[in-house]
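Asker: The following feature annotations were taken from TrEMBL:
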ACT_SITE  288  active site
ACT_SITE  347  active site
ACT_SITE  370  active site
BINDING   410, 412, 459, 464  Ca(2+) binding site
DOMAIN    280-373  domain 'Transglutaminase-like'
């Protein structure tokens with residue numbers, strides 16, 4: 001028996017298969033793609049583009065492309081489980097007439113076996129890092145290009161695209177809130193506003209990869225990364241370390257030996273790079289301005305317009321009452337264990353810009369988001385986005401976390417006194433204490449822009465009271481607004497000029513006024529305490545009781561000095577004066593609290609030599625210790641985008657009232673106007689900063705023009 005074996009079918013001729021030989025994404029920083037997508041500043045070798053906009057690419061094939069017999073499409077994949085139905089596996093077809101708002105590609109030029117494609121993306125596409133491959137098909141078979149990490153594409157939000165939810169129609173605002181890599185942080189108190197420069201550094205080498213790593217580390221599905229509402233909520237949780245081992249670990253204890261003191265940081269780059277390098281180990285330590293600075297960097301890097309915002313006299317409502325509650329005992333002394341609510345001298349969070357299709361019309365635009373871990377939102381330490389328009393009108397039922405933000409900027413401070421039977425009654429309320437001088441850096445300048453009117457109506461106006469009463473209906477103490485109070489005796493605390501300097505006595509003026517036609521007698525209780533800037537009590541340094549006799553229509557005042565604070569001071573050199581009293585004739589109770597801080601000196605930075613890319617220069621840093629005590633283990637921190645990477649200098653001790661200086665060498669790496677930032681930290685003194693402007697010349701073989709460094713001291717808006 002014979003067996004007949006059929007010959008195998010012939011293999012398709014190799015030359016008929018269409019293979020991808022190379023891909024050129026035209027990703028040069030100065031090229032058309034990066035320039036038109038406003039991504040030319042990213043120090044990244046990958047293609048960085050914005051969604052909803054076309055980009056160009058060259059594909060080199062093994063032979064000329066024939067539209068009649070060949071088919072070709074692009075594939076972009078992101079996330080651990082790319083899925084077409086979830087938008088994380090994108091198939092980009094080749095079409096003749098591409099339509100806006102869709103993933104499509106068209107041939108715009110063909111040169112032999114090379115062809116240029118114009119590729120458009122969806123303005124709602126998920127942001128992040130995509131792996132790119134090209135697939136070809138024809139009668140001879142199918143081929144897929146090998147994935148090359150160098151051809152991975154970073155896709156960002158697009159504030160220049162009208163169909164993107166983060167679209168912002170003002171170019172000067174886009175330049176400030178997306179493209180500016182330097183900002184200003186405001187701190188201090190409402191009467192002593194301090195300012196410092198913050199280096200966002202969103203375009204610095206490695207920062208884009210670090211920001212995408214933060215998103216990936218969240219464990220949230222990339223299919224949700226096309227919605228900026230969801231993305232900012234995810235990042236809000238990921239910037240702090242509770243729950244998810246996020247970027248920065250908070251520390252308000254005053255002891256930072258296991259890490260870096262929060263006041264030392266002057267930018268986000270070092271923090272994000274360290275977090276990425278250590279594969280997601282939280283960086284120690286941060287407080288509110290650090291959380292806000294890093295948050296703003298990540299948002300700007302991903303293309304969401306954003307800004308750091310400071311609120312003075314910022315309330316922290318712990319029980320969703322929408323009021324700030326102070327509990328006193330029968331003798332009008334504070335009951336510490338019940339006083340969970342607090343008023344921070346200042347608090348820094350972030351505003352971001354986006355449409356809010358999930359809310360009624362009119363609530364898009366600026367949204368408050370906060371990464372400082374204060375209270376949980378749906379079980380996670382995060383906050384926002386809360387529409388500023390909703391907060392302003394008291395519409396606190398609109399998501400996300402509007403009640404908490406409303407309380408921060410516009411809650412009433414209500415004093416409750418314990419009665420004999422253990423219950424509490426409302427004895428006094430302050431309606432104008434919370435939410436003042438809400439500040440952010442102005443567009444295009446280093447000036448402070450007061451945006452309080454975006455968060456609340458004018459204090460005391462009928463509209464503002466309506467907003468408070470509207471919001472309070474959704475709080476846990478709505479009954480607080482039915483308690484009348486007498487108002488014929490008032491108390492006011494004032495401070496001379498810019499306030500006391502560090503190392504000097506702290507003096508305040510207390511003024512009592514009797515607006516009635518009768519005599520008023522009272523006992524004034526006063527207590528001075530050192531506070532953390534969060535409003536948390538550290539130590540009482542003075543306590544007094546004074547009998548006051550006020551004649552009809554008379555005012556009286558006294559000057560109070562405080563000397564005993566020096567051994568108790570913490571990071572922000574903050575003190576609080578608490579006053580309360582009861583009028584004998586009417587039983588009227590009044591109370592107020594006044595926060596103030598001690599002004600710290602600044603660092604003086606003086607550039608030495610010409611600033612030229614690739615050439616050595618130096619900067620001299622000088623400082624005078626204002627305290628009559630030794631500053632121990634002083635650390636200087638210096639950084640500057642394009643000038644030098646962040647570095648710490650362990651200086652040693654600086655004697656009482658002594659001056660110190662040091663010189664640091666640096667080699668500029670980028671041309672143009674640059675800022676060099678420095679800070680000083682020691683156990684005895686913090687919040688000491690300085691900045692200088694340096695204009696760096698590019699490399700040149702010919703004669704160079706003489707460069708005159710522009711020296712300026714850090715502007716402290718009336719503080720220093």
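Cβ atoms here come from the backbone N, Cα and C positions, even for glycine.
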Asker: Can you tell which of the active-site residues 288, 347, 370 lies nearest to residue 464 (Ca(2+) binding site) in space, using Cα positions?
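Answerer: The answer is 347.
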Asker: Drop a 10 Å sphere on every Cβ of the recorded positions 288, 347, 410, 412, 464 and tell me which sphere holds the fewest other Cβ atoms.
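Answerer: Least crowded of the recorded positions 288, 347, 410, 412, 464, by Cβ count within 10 Å, is 464.
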Asker: Report, as a single number, how many Cβ atoms besides its own are within 10 Å of the Cβ of residue 370 (active site).
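Answerer: So the number of other Cβ atoms within 10 Å of residue 370 (active site) is 30.
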Asker: Measuring CB to CB from residue 459 (Ca(2+) binding site), give everything in the same chain under 8 Å that is also at least six residues away in sequence.
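Answerer: The list for residue 459 (Ca(2+) binding site) reads 431, 432, given in order along the sequence.
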Asker: Do you see any of the recorded positions 288, 410, 412 whose C-alpha is within 10 Å of residue 347 (active site), and which ones?
Answerer: 288
Asker: Taking Cα-Cα distance, which of the recorded positions 370, 410, 412 are within 10 Å of residue 288 (active site)?
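Answerer: Hits: 370.
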Asker: How many whole Å apart are the CA atoms of residue 410 (Ca(2+) binding site) and residue 370 (active site)?
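Answerer: With the alpha carbons as reference points, the distance is 17 Å.
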Asker: At the level of the C-alpha atoms, what whole-angstrom distance separates residue 370 (active site) and residue 412 (Ca(2+) binding site)?
Answerer: 21
Asker: Can you give me the average pLDDT across the domain 'Transglutaminase-like' (280-373), rounded to a whole number?
Answerer: 91
